[in-house]
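Asker: Swiss-Prot lists these features:
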BINDING   77, 80  Na(+) binding site
TRANSMEM  3-23  transmembrane segment
TRANSMEM  38-58  transmembrane segment
TRANSMEM  67-87  transmembrane segment
TRANSMEM  102-122  transmembrane segment
């Protein structure tokens with residue numbers, strides 16, 4: 001029997017639970033902002049870093065397909081929250097919190113890309129998988 005869907009579902013349950021936890025422990029006041037979706041912001045940046053790291057290892061066949069499905073598709077798919085990111089941005093805009101909304105969008109995208117690049121670089125150069 002093929003367990004690919006089970007691996008993805010199990011990983012998704014773990015990732016979603018971790019996302020919920022991070023969202024609950026993060027404050028809503030951040031830097032100069034009274035209301036900022038720091039939990040969603042954090043999980044997206046962490047997820048970008050980890051997917052960069054794991055993406056390099058997957059490309060070099062360091063682990064099998066089942067683990068890749070479990071971790072990348074399941075755990076990271078459940079952990080990162082692009083749909084929540086869109087909703088959080090819309091809510092900021094609806095409350096006329098334009099500076100927060102723009103900072104959130106630019107910060108998530110720029111820092112997310114940097115996180116992916118750093119994760120890839122570390123996996124490539126320090127794990128010894130070229």
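Backbone N, Cα and C define each Cβ position, glycine as well.
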Asker: Using Cβ atoms only, which residues of the same chain lie under 8 Å from residue 80 (Na(+) binding site) while being at least 6 residues apart in sequence?
Answerer: 15, 19, 43, 44, 47, 48, 51
Asker: Counting only CB pairs under 8 A, let me know which of 3-23, 67-87, 102-122 has the most with the transmembrane segment (38-58).
Answerer: 102-122
Asker: Cβ under 8 Å to the transmembrane segment (67-87), counting only same-chain residues 6 or more beyond its ends: which ones?
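Answerer: For the transmembrane segment (67-87), the nonlocal Cβ contacts are 4, 7-19, 37, 40, 43-44, 46-48, 50-51, 54-55, 58, 104, 108.
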